[in-house]
Amino acid sequence: MLKIGDTEFTSRLFTGTGKFANDKNMLAAIGASNSELVTLAVKRLDLKTGSDNILKPLQQRRVKLLPNTAGARNVKEAIFAAHLSREMLGTNWIKLEIHPDPKYLMPDPIETLAAARILCEQGYVVLPYVHADPVLCRRLEEVGCAAVMPLGSPIGSNQGLATEPFLKIIIEQSQVPVVIDAGIGAPSQATRAMELGADAVLVNTAIASSADPVAMGRCFAQAVDTGRAAFIAGLGNVSEQANSTSPLTGFLNV
């Protein structure tokens, strides 16, 4: 069982709501993935008109909603988005995203840390999306973040765990859950993330852009379970040399 803040999760696969061809595919894929936490952009919500309103069907599935501040370029905009999400959704959970560069969408570490400190002081359950920087993740933990969400590779790139050496350090050092977010493009990559000891992964593009999002959601659910089970079982040591599994010459002495 995974616990973040005051909430426990059975599934360690978190999903997103963007890039799906339609809401029907999105809801079906989320259901197939068994995900219990779904992130959605605050900028997408419009409770006054009901336009593009995906809240009701998501709430009917009883998944935990994690609003994110995607689109925020600085501390001020991120805090405004967090306040708006609390007013609209009645939740103090927030996925903190600040990326001023629209081309590469790299998270701004300085603005993210500053915003995280303020939001934690205001009583939010903060899950910051950051580069795979062990020092930054430690600082975010120190200011009160409930989890850290280091990237595997750029958002939506499907490049996998390009930052694996740094993810290993973060997982080793962290005293809060580590959720690997961004860049996971295949179920095998999600398995690898869990084998490293990550507490969960967040996957959106790889599922949403699949030819069959429902089947892909199911594949990711199985992949995450497999990776977690392998981590618990304990992977064998990696060696630079060969190690025989049976005697090579014993029969020659008979």
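The backbone N, Cα and C atoms fix where each Cβ goes, glycine too.
For reference, Swiss-Prot has these:
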ACT_SITE  Lys95  active site, schiff-base intermediate with DXP
BINDING   Gly156, Ala182, Gly183, Asn204, Thr205  1-deoxy-D-xylulose 5-phosphate binding site
With an 8 Å cut-off on Cβ distance to the Gly156, Ala182, Gly183, Asn204, Thr205 Cβ center, who else from the chain surrounds the 1-deoxy-D-xylulose 5-phosphate site?
Pro154, Ile155, Ser157, Asn158, Asp181, Ile184, Gly185, Val203, Ala206
Taking the Cα atoms as reference points, how far is Ala182 (1-deoxy-D-xylulose 5-phosphate binding site) from Lys95 (active site, schiff-base intermediate with DXP) in Å?
13
For 1-deoxy-D-xylulose 5-phosphate: widest Cα to Cα gap among Gly156, Ala182, Gly183, Asn204, Thr205 in Å
9
Pick from Asn204, Thr205: which of these binding-site residues has the biggest number of other Cβ atoms within 10 Å of its Cβ?
Asn204
Determine, from DSSP, whether Thr205 (1-deoxy-D-xylulose 5-phosphate binding site) sits in helix, strand or coil.
helix
Going by a 10 angstroms cut-off between Cβ atoms, which of the binding-site residues Gly156, Gly183 has the sparsest surroundings?
Gly156
Whole-number Å value for how far the residue listed as 'active site, schiff-base intermediate with DXP' lies from Gly156 (1-deoxy-D-xylulose 5-phosphate binding site) (Cα to Cα):
17
Please report the number of other Cβ atoms within 10 Å of the Cβ of Ala182 (1-deoxy-D-xylulose 5-phosphate binding site).
27
Around the C-beta of Lys95 (active site, schiff-base intermediate with DXP), how many further C-beta atoms are within 10 angstroms, looking at every protein chain?
28
In the three-state DSSP scheme, Ala182 (1-deoxy-D-xylulose 5-phosphate binding site) belongs to coil
